[in-house]
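Input: a single structure, listed below in structure tokens.
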Amino acid sequence: FQGIFVLGLPYAVLHSGYSGLLLIVLAAALCCYTGKILIACLYEENEDGQLIRVRDTYEDIANACCKKLCPSLGGIVVNVTQVVELIMTCILYLVVSGNLLSHSFPYVPLTEKTWSVIAFVTLLPCIFIRTLKIVSKLSQLCSLVHFVIIFVVITYCLTQVHQWSWAKFRLSLEFEDFLVSVGVIIFSYTSQIFLPTLEGNMKNPGEFRCMLNWTHFFACILKTTFALTAFLTWGEKTKEVITDNLPSFLETLVNLCLLTKALLSYPLPFFAATEIVYSCISEDNHSNYRSPLLALTVRGSFLLLTLLMAMFTPHFALLMGLSGSVTGAAMTFLLPSLFHLKLKWKKLSFLEKCADISVFILGFLCSLAGIVCSMKGLLDVFG
């Protein structure tokens, strides 16, 4: 998912100027922080003062926070939010795959929706994925493809260094365009949904914080370099998806790499969504939880749902923006800071409390701004 947003970073810098570069750094720091406090909510101190993992999922954290109000309310809200975001992400990959295929093979008389169906067929083996190990291997391949894309674009930009000019950066900002840039930059870092599972599957969970620091640091360096070099190369001509600025032969190559990345990225949100559904089913009926027929039915239903929504949902990009502003901001900023304050209030210092409250307010403002922009777009379309 991050790879799709990364390609829009130069366009975000076009509309945000120097502040966009600062936002890339700030977003990395904030998302790294919320990832840490979310994982901290999984642990409690025992009588000896040692940290013990007493919760396993985002749902467990939510239930612990709402146990006095309604024991299962928090888990239901979190699960619904996660599933909506994950499904929308899967649909986005199908839509993007259809778009990339149609642009890569313009002489083939097929529509984007038909290409999406072809991409869907290649994803059918996902119904047989049962473990995170398979997903992690596919994600590794996805990361390699991602680096190839970034390398190709940056290399081409470096060949055009003779035409770079810092005068292309602008200081004045248009508020609405700036809000779009904020959304693109912040949500290029989101990964909180997967962190509890990731930390729980690490051989040495004690290294999680260090891992999070280094991955966000390198992601920040890579994204800043990518956005800066691409914008300096094309300036005001920078397009929404930077690959559209490349020469035709490179554009086709990068589009095919993007297609590969989109297809390899699909299994992770797909697997996460089905696992959430399985955990809910297991609470009601343990005997059916491991039923192979039930597993195939749930996965097949999810696959079909993503295809149908990709095919028949009008103005999907605007709906994606609307749901992302709600679910993305909630899972990345609002809930981690809120849960951390609720579960750790007595042990937090004054500065830590201020940090959590600041992140919550910032997340709320970003969410509100994204909702307003998306609603305005939908009203313009339907009006």
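Note that Cβ sites are derived from N, Cα and C of the backbone, with glycine treated the same way.
Feature annotation from TrEMBL assigns domain 'Amino acid transporter transmembrane' to 1-373.
Under the heading transmembrane segment, TrEMBL lists 20-43 (among others). For the transmembrane segment (20-43), the residues of the chain that approach it from at least six positions outside its boundaries are 9, 12-13, 51-56, 58, 60-61, 64, 181-182, 185-186, 188-192, 195-196, 199, 208-209, 212-213, 216-217, 219-220, 223-224, 227-228, 332-333, 336-337, 339-340, 343-344, 355-356, 359, 362, judged by C-beta separation under 8 angstroms.
Look at TrEMBL and you will find 76-95 (among others) tagged as transmembrane segment.
Taken from TrEMBL, the feature transmembrane segment covers 115-132 (among others).
Taking Cβ pairs closer than 8 Å, the transmembrane segment (144-166) reaches residues 3, 6-7, 222, 225-226, 229-230, 232-233, 235, 242-243, 246-247, 250, 253-254, 257-258, 260-261, 264 in its own chain, all 6 or more past its ends. According to TrEMBL, the feature transmembrane segment maps to 144-166 (among others).
Annotation comment: TrEMBL describes 178-198 (among others) as transmembrane segment.
Counting residues 6+ beyond its ends, the transmembrane segment (210-233) has Cβ neighbours under 8 Å at 2, 6, 9-10, 12-14, 20-21, 24-25, 28-29, 31-32, 35-36, 150, 153-154, 156-158, 160, 163-166, 168-169, 188-189, 202, 242, 245 in the same chain. The feature transmembrane segment is assigned by TrEMBL to 210-233 (among others).
Non-local neighbours of the transmembrane segment (253-281) in the same chain are 1, 3-4, 7, 57, 59, 79, 82-83, 86-87, 89-90, 93-94, 96-97, 100-101, 103-104, 119, 122-123, 126, 129, 132, 134-135, 138-139, 141-142, 145-146, 148-149, 152-153, 193-194, 197, 243, 246, 288-289, 294-295, 298-299, 302-303, 306; each lies 6+ residues outside the stretch with a CB under 8 Å from one of its CB atoms. If you look up TrEMBL, you'll see 253-281 (among others) marked as transmembrane segment.
Proximity of distant same-chain residues to the transmembrane segment (293-312), defined by a Cβ-Cβ separation under 8 Å and at least 6 residues beyond the stretch ends, is recorded for 87, 90-91, 94-95, 98, 113, 116-117, 120, 123-124, 126-127, 129-130, 270, 273-274, 277-278, 281. Per TrEMBL, transmembrane segment is recorded for 293-312 (among others).
The transmembrane segment annotation in TrEMBL covers 318-339 (among others).
Annotated transmembrane segment per TrEMBL: 359-379 (among others), in sequence order.
For the transmembrane segment (178-198), the partner stretch with the most Cβ pairs below 8 Å, chosen from 76-95, 115-132, 359-379, is 359-379.
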